[in-house]
Ligand SMILES: NC(=O)C1=CN([C@@H]2O[C@H](COP(=O)(O)OP(=O)(O)OC[C@H]3O[C@@H](n4cnc5c(N)ncnc54)[C@H](OP(=O)(O)O)[C@@H]3O)[C@@H](O)[C@H]2O)C=CC1
Ligand SMILES: O=C1O[C@H](COP(=O)(O)O)[C@@H](O)[C@H](O)[C@H]1O
């Protein structure tokens, strides 16, 4: 299959599951509405459902996520749906799928299934002779540590070439995160100051004001560092730190990200604060006495000419006081404090609000009206209302079907990210406890970027 060839059928493994309900069907509906989906869609899962049951499930999924279903659009989606029922461990399931594919030669197989079944399905596709001219889209988590990520890559590569594999990190499909790349490299005014001469620190906060939403079993195996830092937030860091790519071609972009990953030394325990919210151990599915973190803050180093000595801090957690993902790039103080009676005033910054609301702000000081040279902090902000923005899964499914790899994680990048995080995974020490609605455990009092954390409003 050439890299430019469009997939001519979408096959969703896990069509009856939670992710399909929450993200995939609403995205397929949105694609249909936008006119960007014109292929058949085959769901494959264990439940002995009829096609009508799958259509009903898809309808429920869409109804849950849109204000009012456009019936004509949904009917077009429903008309494209078919269903193959069977166990992925049974070769007969793949024989049935081969029949269902009919004349279609270039499927996109979307693995929205438990990771323990990725290899089983890939082998099943290969044995049935329906893998050679196909693409594979793989859900997170992509491995549990470096060794498992490597093993998974080896299993996928036994059947699919790297160019045919699309590893999802839904953060990369977000409009605001694409804008990080755009804002940095579509403007020239940032470049002269975007380096260690001018930047004091970079901080990335992903705060969620809700808990683990009944996903105790999943979350307790994963924890905050694996769930969002190793993937989503390291990806944000890479977009902030990377050098300008030679072109916007996928491999040129990823090559620059990989250069940054190679320049980041593995974390040590001294680089990390872990926390667990009070009440976590009472959540269904959480192991008794679990030491899994629901909060983590980490200090990363990027040892390049541009960034050496600039700390990159990431913090993330459940049950924090706000729901916001935000980056603050803080610039150094002016060399001489001429005004404000010589006081060191908050310095300049660039703030990227990545979600749920979207904004870019530039922090500066201006003089207050009056006789004295006293000032105040102001922010020049561009706020995006998000109306009409493409949801990440819609963008990513569309890109994978088109063979567009820019927003997917390449094998080397996935493995390097694990290498950096690996030493701090699975710390048996008890994380510091924190009250739901606070900014993490007491240890955070001594763990902050120069100038302190900026708590998103
Ligand atoms: N749910 C979420 O919010 C998110 C999920 N993900 C990832 O997406 C993937 C799927 O997660 P999720 O939808 O929550 O999982 P679910 O457990 O809800 O769904 C699993 C799906 O796999 C099918 N399945 C499982 N075992 C078999 C089998 N042996 N043979 C045939 N079908 C089987 C199930 O079919 P059946 O129902 O018929 O038994 C079901 O359709 C995972 O990798 C997860 O990490 C990523 C981000 C968020
Ligand atoms: O992958 C995940 O992301 C969500 C947050 O995603 P967002 O797009 O809603 O910001 C997080 O809540 C979840 O724990 C994690 O698995």
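Numbers here mean position along the shown chain, with the first residue as 1.
Keep in mind that glycine also has a Cβ here, set from the backbone N, Cα and C atoms.
Cross-referencing 227, 340 against the substrate binding annotation in TrEMBL, which names 170, 174, 208, 318, picks out 227.
Neighbours of residue 232 (active site, proton acceptor) among the binding-site residues 170, 208, 318, defined as a Cα within 10 Å of its Cα, are 170. Looking at 170, 174, the binding-site residues in this record, the fewest other C-beta atoms within 10 angstroms of the C-beta turn up around 170. Residue 140 (NADP(+) binding site) is surrounded by 19 other CB atoms, counting those within 10 A of its CB over all protein chains shown.
Using a 10 Å radius centred on the Cβ of residue 208 (substrate binding site) and all shown protein chains, the other Cβ atoms total 20. In the structure as shown, the Cβ atom of residue 227 (substrate binding site) sits within 10 Å of 22 other Cβ atoms. Taken residue by residue, the region 'Disordered' (430-457) breaks down under DSSP into 5 helix, 3 strand, 20 coil.
Highlighted here are the binding-site residues (174, 227, 318) whose C-beta falls below 6 Å from ligand 2: 227, in sequence order.
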